[in-house]
Every structure is written in C-alpha cells, then in structure tokens.
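Peer 1: Okay, here's the structure, questions in a sec.
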Amino acid sequence: MTALRRVPWRGIALGALILLAAPFAFYAFRFGLEGAGFGALRETYLIQPAAPFGNGAISLHMILGGALTVLVPLQLSPGLRRRFPHWHRGAGRLLVAGALLTGAAGCAFILMRGTIGGMWMDAGFLLYGALMMLAAAQAWRFARAGRFVPHRAWALRLFVLVLGSWLYRVHYGLWYLATDGLASNPEFTGTFDSVQNFAFYLPYLVLLEIWLRTRPVPPELRTTACEKG
C-alpha cells in the first residue's frame with residue numbers, strides 16, 4: 001500500500017488526459033491557422049469568403065482553444081506547482097488571457113453569424129463562452145488578491161470549461177459508436193444534438209460543485225495567511 005501511495009497518480013492521470021486530448025487540440029490549432037490564411041483551407045461552413053471578422057473570430061477561437069486544451073491540465077500538476085511556482089504563475093496569466101480571448105472570439109462569432117444548430121445551440125454555446133470568461137476573470141482576481149481557496153475553485157471550473165470543447169467531441173464519438181447517430185443529424189437539430197448544446201459542460205460543472213463542497217480544503221490553502229481575512 002505504501003508503494004501504491006507513492007505512485008504519482010495525479011500526474012499520470014493528467015499526462016494521460018493531455019495525450020487523449022492532443023489529437024483534438026492539434027486539429028483545432030491547425031484549423032485555426034488555416035482559417036487565418038496559413039495553409040490550404042479545407043471545406044467548412046465556419047469559414048466564408050469576404051467575411052474577415054467572422055473568419056478571424058473563429059480562427060482565433062480555434063487556435064487558442066486548441067492550445068489551452070493541452071496546456072490547462074499542466075496547471076493542476078502539484079509537482080510543477082511546487083517546483084516551479086514562477087512557471088505556474090506565468091502560465092496561469094497566459095491561460096487566463098487565452099481563455100478570455102477564446103470565449104470572446106467564440107461569442108463574437110455566434111453573435112455575428114449564429115451556429116449551424118439554431119437558437120438553442122446559440123444559447124448553449126454563448127453561455128459556455130460567457131462562463132469560460134467568468135471563470136478566467138475570477139481565477140485571476142482571487143489569485144491577485146491572495147485568496148487561494150476561491151482561486152482554486154475558479155481555476156478548477158476553468159479547467160472543466162476549457163476541456164468542454166474536447167468533451168463535446170468525445171460525447172459525439174461515443175454516441176455514434178454506440179447508436180450509429182441516433183437522434184442526431186448534420187444540422188445539429190436532433191434530440192441528442194439539443195441535449196449536447198448544454199451537456200458538454202453543465203453536468204461536469206455540477207459534479208465539480210458537489211466535489212468542492214464535500215471535499216476538505218487542502219491544509220496548505222486553509223492555513224495560508226492570505227485567507228485569514
């Protein structure tokens with residue numbers, strides 16, 4: 001049992017998560033570069049001729065979203081945080097800025113063009129982008145104030161939201177494997193599609209809130225002088 005406890009399970013899990021999400025992150029990053037004019041663009045409804053603002057918004061959203069998907073798990077590594085605190089703080093600033101820009105670009109695209117799935121998809125993805133920006137801003141605000149208990153909570157919410165785009169694809173992949181696309185269609189207006197407009201992030205946020213309220217606060221955060229006030 002002692003040997004098992006010494007195994008860095010969290011680091012292994014985070015490493016596995018990065019490897020699993022890496023193909024999606026690479027696809028999103030490459031798609032964004034193509035949309036920005038770097039390379040031959042594949043056929044897609046997201047990029048339209050003579051629409052530089054919408055194309056720029058979705059390209060920025062994809063580039064930053066792909067990068068964040070791979071980078072955000074590293075912020076949860078306790079080993080990196082302890083050994084390289086300056087890296088943790090610097091990377092945190094970049095992630096907050098990236099999340100704010102990603103959310104803003106995605107919301108701008110929806111407001112300019114709408115989504116393929118219509119009103120409910122617009123609503124679900126606008127809420128997703130707004131929550132990502134809120135979590136990023138709050139994580140930054142509490143870190144700046146030295147209030148590391150709420151900072152940790154908002155950083156974990158941001159972690160869940162950043163992974164949401166990848167989880168959205170995972171849900172579809174598993175659903176199509178299990179049902180051959182039951183209640184889904186190319187226009188994203190089926191019953192499954194409608195559920196997915198919110199199911200790729202809201203249930204995970206609910207589970208996180210339950211976990212945050214039932215797990216004790218780590219001692220190093222509970223006893224920090226910054227939380228005494």
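Cβ coordinates are placed from backbone N, Cα and C, and glycine is handled just like the others.
Below are the features listed in TrEMBL for this protein:
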{"type": "TRANSMEM", "residues": "12-33", "note": "transmembrane segment"}
{"type": "TRANSMEM", "residues": "53-74", "note": "transmembrane segment"}
{"type": "TRANSMEM", "residues": "94-113", "note": "transmembrane segment"}
{"type": "TRANSMEM", "residues": "125-143", "note": "transmembrane segment"}
{"type": "TRANSMEM", "residues": "155-175", "note": "transmembrane segment"}
{"type": "TRANSMEM", "residues": "195-212", "note": "transmembrane segment"}
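If you look at the structure here, what lies around each of the features I listed?
Peer 2: Panel annotation: around the transmembrane segment (12-33), residues 39, 42, 44, 58-67, 69-70, 73-74, 76-77, 163, 165-166, 169 of the same chain, lying at least six beyond its termini, place a Cβ under 8 Å from a Cβ of the stretch.
Non-local neighbours of the transmembrane segment (53-74) in the same chain are 14, 17-18, 21-22, 24-33, 35-36, 46-47, 80, 91, 94-95, 98-99, 101-102, 105-106, 108-109, 112-113, 158-159, 162-163, 165-166; each lies 6+ residues outside the stretch with a CB under 8 Å from one of its CB atoms.
For the transmembrane segment (94-113), the list of distant contacts is 48, 51, 53-54, 57-58, 60-61, 64-65, 67-68, 71-72, 75, 122, 125-126, 128-130, 132-133, 135-137, 139-140, 158, 161-162: same-chain residues at least six beyond its ends, Cβ to Cβ under 8 Å.
Within the same chain, residues 89, 92-93, 95-96, 99-100, 102-104, 106-107, 110-111, 115, 150-151, 154-155, 157-158, 161-162, 164, 197-198, 200-201, 205 sit at least 6 positions outside the transmembrane segment (125-143) and bring their C-beta atoms closer than 8 Å to a C-beta of that stretch.
Non-local neighbours of the transmembrane segment (195-212) in the same chain are 117, 120-121, 123-125, 127-128, 131, 153, 156-157, 160-161, 164-165, 167-168, 171-172; each lies 6+ residues outside the stretch with a CB under 8 Å from one of its CB atoms.
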